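**Student:** After the structure tokens below, expect a handful of questions from me.
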């Protein structure tokens, strides 16, 4: 039919062209109508099999097994992604025999799906799925002979093929036809009769799938597959409920079949080549296949080394010696450099686990061999694991190995290897803690990374000995030096500071921002090591200089402001404290830095006596609570409990601070009054004395109950609700003072719903019932007096506001300041203050409309408003009767 439609469309267009050639007019409307008719017929035809397939996939009556089968076989990517994520939960509802027979083969389809999104969704869930099978099926080792039949076996087989089977070209999975009953034609028509025993599962059932995922060309998928194997090994070794015999089978297959097996694909390469000889001619395709196998074998060995590095801390020294060390020893003859690179990195992971005798007899010879490798990638890996290897050696051997290693790598022909030597020098020196007996050559190499020094060191080593031409220096060397300086100072101690500061002080003025940023972040750590006197003499100027630097550097100092000031002598602290206001002024345009300063206030106030806190830190805190940014204000409010804790022992300072806080009650700006409530809230959250709270702060809260600004009343309602929930305050209604009872009743009658919501649960059932009844009575009276009516269209209560004689203007009760103009009528008819409402004729605003039954309306004589307000008349008796208090 679609072909016929296209034919008719072509005929119509041809007729219009002939008319145009003959000089006739072209009727465009008629032509467009004909094209629209044809296109509608053409696009409305959808193949029925697509509709059936879509209906089948959206069928809610599908069983879990049917859903798994059909979604895996769907040609829609998002269906396969969905089932890949949901398979761990769906498989729990499938009979274990069916899960082994039908679901297990389908997992190969998901693991080798041509779409990356499907595999990315499937791999993170694989460990859960595998453990489901391991925990529900008895395991039995099934020996298989490696024959050509095994090589050509289908992916559905549970025996492990020689190499992981992966699709070379994307192929769409077969889509089952719409059956009468879901999967009736795809699955056996008669399911096998359940037996009395569970189906056996081979421990190698998942090995081909795991190998395929480990060798995936998508490195992200391959990395997640390594994490899956790591999770499985941890669970196999640590799970207490696993049968010992089955645990041994799982451990053997996972470590030897999966981890070591993926590195032994070269042993199967010969069988593959023999298969290709009689199965295919030696054309270009077969040669390409052999090349692909060789690359896969090399990738498998590299993956094995990576798995050994990640699993060494998990499996323990015994398994590492028995399984991993022999494989590492074979890597000395490895021809592929990136496999040797991973093997060199594995030395560090194994050194953390193995005993000293194995390290010296096995690992060190392998390490020495790789250290002289002709490829710089391998030598760089050896350089990076040198600190780890040295940390496991005795002192004498450590010194020799560290000095020898640095001499080799620092003089390497490759710039990358030399840079790596600089990166690890700080970590290498730190391995000599706690005795601090660091070889001088290591210290010299570290200092050579910093600025060029003109003077000789105290130990007689001149600058020319370890400094290169400044014009040829690597700009990354000062960055590396700055990053490692705290570790070096910590290891060498205070006694070596005089030798180190000649490099450190010029480094603090380096032109590179990342150098100064690194030093600013670690300045307090160096100050802790060298002591108060040297900190004052050598680092205080650096501290002041960085406070005037750019924001990126300044933030590193401000984040540790209190920690550095703590390292200064007490007299210097007191002299420096007044300059904190200057620091605040220096960041007035950057609220995040002000917030960081405010975070330091609790730690700062513990470094000074009461009078200094009152005179300098409290004014800074008050500046912070008045900040224009809410985050800064909230941080400052949270600092007040610490301030009260420090000042509490000085009665005079304590009362002075109380007075300054209470001044917020009468603040002209509503924000200051909110701050007062928030300070009170912060105090009660830190177990502030109940007696002091009632004595100094409760009266101020009582005064704010009639505040005109709804924000203040909302904050007040919140703190009243919290006070009545805290056991140490007023959780027991019998212990509540009269001020709290007054606040509860006052706020329960507030016009704003948010204010009432905090205190309404605190009322007794009788008070709630009385409150609701009086509210409805007042609303009914307002309706009778023409002040309220129910808008039938919007179903809202409305205040009737006279506009002129003979007409009315209505405004909803929940109107905000932006909805009502600032006219003079507002003062006489309806007062709206920010988000709150204050009316002399309506005692409560925003009453839920559910309190009123619009259907129970009768006529009430409204005197002068009979003609205009008949639709507003509501019977008081019916209104109250229709509402049941809750």
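Just so you know, glycine gets a Cβ as well, placed from its N, Cα and C.
Annotation comment: TrEMBL describes 16-28 as compositional bias 'Acidic residues'. Here TrEMBL flags 145-158, 875-886 as compositional bias 'Polar residues'. What TrEMBL records for 159-188, 863-874 is compositional bias 'Low complexity'. For 1-28, 145-200, 863-886, the entry in TrEMBL reads region 'Disordered'. Residues or ranges marked as repeat 'HEAT' by TrEMBL: 500-538, 617-652.
A description of the local structural setting of each listed feature is requested, covering burial, neighbours and distances.
**Tutor:** Mean pLDDT for the repeat 'HEAT' (500-538) in this predicted model: 95.
Counting residues 6+ beyond its ends, the repeat 'HEAT' (617-652) has Cβ neighbours under 8 Å at 577, 580-581, 584, 591, 594-595, 597-599, 601-602, 604-606, 608, 610-611, 660-661, 671-672, 675, 678-679, 682-683, 685-686, 688 in the same chain.
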**Student:** Can you work out which residues elsewhere in the same chain, 6+ from the ends of the repeat 'HEAT' (500-538), have a Cβ less than 8 Å from its Cβ atoms?
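**Tutor:** Contacts with the repeat 'HEAT' (500-538): 447, 450-451, 453, 455, 457, 475, 478-479, 481-483, 485-486, 488-490, 492-494, 545-546, 549-550, 552-557, 559-560, 563-564, 567-569, 572.
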**Student:** Just to be sure I understand, if DSSP states are collapsed into helix, strand and coil, how many residues of the repeat 'HEAT' (500-538) fall in each?
**Tutor:** 33 helix, 0 strand, 6 coil
